[in-house]
Amino acid sequence: MKLEGKKVTVHDMTLRDGMHPKRHQMTLEQMKSIACGLDAAGIPLIEVTHGDGLGGSSVNYGFPAHSDEEYLGAVIPLMKQAKVSALLLPGIGTVEHLKMAKDLGVNTIRVATHCTEADVSEQHITQSRKLGLDTVGFLMMAHMASPEKLVSQALLMQGYGANCIYVTDSAGYMLPDDVKARLSAVRAALKPETELGFHGHHNLAMGVANSIAAIEAGATRIDAAAAGLGAGAGNTPMEVFIAVCARMGIETGVDVFKIQDVAEDLVVPIMDHVIRIDRDSLTLGYAGVYSSFLLFAKRASAKYGVPARDILVELGRRGMVGGQEDMIEDTAMTMARERGLTLTAA
């Protein structure tokens, strides 16, 4: 398909999904520096919150270095052309968080649910639209649902008021044909004015290819992160995606070289570990496991002596999804007992 001249809105994940590998410990100065770099490079939309969205600060998901209010309040006044978005997962974030985000100047709210649980998004999507916000329905772990099931869930979110629907490959499991099948079906079912988006992870090195497949299927919003900073092996690497789009004539409005500099000079130096496809993050993609489970599995591995890869494969076998982080340690402990390993950890 000829994509030359097609316009796409790129949505940066560095300061939200990138909080997962940073264990939510990004400083305000790091946030501001990277956000300003992204803004100057021409990125139109930048997501800023705890990795698990508004209200994510908790024992289950991790305590951040600063509150959502502090991060948003630091970044938004500095933006010259970029708008700022926030993620919200019903059950973690509340309507009060929505109002706080609106008051701070957030432009876009993305309401995220598991791909078969769109009905829990009604209150938050409805309220977001009442507040006049650009409102996105975000269907996570989309590889676990058939195209037909995704269509039914997308239509629910559209009916609640979402003006954009995302098909989200949270596990980095999908291949380009999987992406096309799902996004094509959803695109055909939505109103013409409802936008379609795609969020990928790079666990099988498919982030860029899947994003191009999504554009071919009708997506006009694509998520990516500078230097790929995100859960698992990271999100679609923004600087690579922008270069590929430039080669193909897809219009993003982002400067090819400035976004490279943001990735290399601002994002790579703050990484706690190199974001790459190691055996554990590769296993996320292969077994279809939620990407933010990676560090939880590594911690459980160190505690119980069961290889992280084995834990991740078992999580995939059990079909665990986002929100079940507390079950990762339980799974590792059970596996250790079954293997006769001595449980010395407190």
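Using N, Cα and C of the backbone, Cβ positions are placed for all residues, glycine too.
Here Swiss-Prot flags His20 as active site, proton acceptor, drawing on sequence analysis. Annotation source Swiss-Prot lists substrate binding site at Arg16, Asp17, Ser170, His199, Tyr290, citing sequence analysis. Annotated Mn(2+) binding site per Swiss-Prot: Asp17, His199, His201, in sequence order. Residues or ranges marked as domain 'Pyruvate carboxyltransferase' in Swiss-Prot (evidence: sequence analysis): 8-260. Among the features that Swiss-Prot reports, site 'Transition state stabilizer' is placed at Arg16. The feature site 'Important for aldehyde specificity' is assigned by Swiss-Prot to Leu89. The site 'Governs stereochemical control' annotation in Swiss-Prot covers Tyr290.
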Check: same-chain CB within 8 A of Mn(2+) site center, minus Asp17, His199, His201: Met13, Thr168, Asp169, Ser170, Gly172, Gly200, Asp223, Ala225, Gly230, Ala231, Asn235, Thr236, Ser291
Winner by Cβ contact number (other Cβ atoms within 10 Å) across the recorded positions Arg16, His20, His199, His201: His201
Environment of Arg16, Asp17, Ser170, His199, Tyr290, the listed substrate site - residues of the same chain whose CB lies within 8 A of the CB centroid: Met13, His20, Met140, Thr168, His201, Asp223, Gly230, Ala231, Asn235, Ser291, Ser292
Coarse DSSP state, helix versus strand versus coil, of Asp17 (substrate binding site): helix
Nearest of the recorded positions (Arg16, Asp17, Leu89, Ser170, Tyr290) to His201 (Mn(2+) binding site), judged by Cα-Cα distance: Ser170
Among Arg16, Asp17, Ser170, His199, Tyr290, the record's substrate binders - longest CA distance, Å: 16
Nonlocal neighbours by CB distance (under 8 Å) for Asp17 (substrate binding site), same chain, sequence gap 6 or more: Glu47, Gly51, Asp223, Ala225, Leu229, Gly230, Ala231, Asn235
Cα distance (Å, whole number) from Tyr290 (substrate binding site) to His20 (active site, proton acceptor): 12
Candidates Leu89, Ser170, Tyr290: member of the recorded positions with the richest Cβ shell (10 Å): Ser170
